[in-house]
């Protein structure tokens, strides 16, 4: 149980470190995230974790357990590498406008404020939540294939989403801590890779 708890907490943290970067960006620019907008984003992350965890659990009924565990670890590490290399890809794409909304928000969180009101509305919170739920999807899938409690993983991911986004927005407003936000993506990618490697051994 102790090891499962550590894995659940690690997945919750890795799934939401991008939220810290978004919160910092909003705080530095003075953008407001109300408690209910933050709650919507957290619920979407939790539901994404639950859905992908269920899919992972279904896969374990088809594949042998060791193969399913390797698949989950490979998915975590692949997404970790993708997240880790995001800053380099961003520099390579600089000047080009992404075609879809999710890509635009992931590159520039301020793009979620469609009406430029300096606050995140219900609709904007929903779109932002969907964009930020990408890491939660792979974390939930991994929890499903290694047969960790999916419900508790979803609760942990949602709670971490709410706390990290709210806390980092406050820190951004209070201290203009942009440097931390820039490092959040690298930290998230590294943690996802480490969780995957840990599962292989």
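Just so you know, glycine gets a Cβ as well, placed from its N, Cα and C.
Per TrEMBL, transmembrane segment is recorded for 6-28, 35-55, 67-86, 125-144, 150-172, 184-200.
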Spatial neighbours of the transmembrane segment (35-55) far in sequence, C-beta under 8 Å, 6+ residues away: 15-16, 19, 120-122, 124-126, 128-130, 132-133, 136-141, 143-144, 150-151, 153-155, 157-159, 161-162, 165-166
Beyond the flanks of the transmembrane segment (125-144) by at least 6 residues, Cβ under 8 Å: 7-8, 11-12, 14-19, 22, 33, 36-38, 40-46, 48-60, 72-73, 75-76, 79, 83, 101-102, 105-106, 109, 112, 150, 153-154, 157, 161, 188, 192, 195-196, 199
For the transmembrane segment (150-172), sequence-distant contacts whose Cβ falls under 8 Å of one of its Cβ atoms, 6 or more beyond its ends: 8-9, 11-13, 15-17, 19-29, 31, 33, 35, 38-39, 41-43, 45-47, 49-50, 53-54, 57, 132, 136, 139-140, 143-144, 178, 180-181, 184
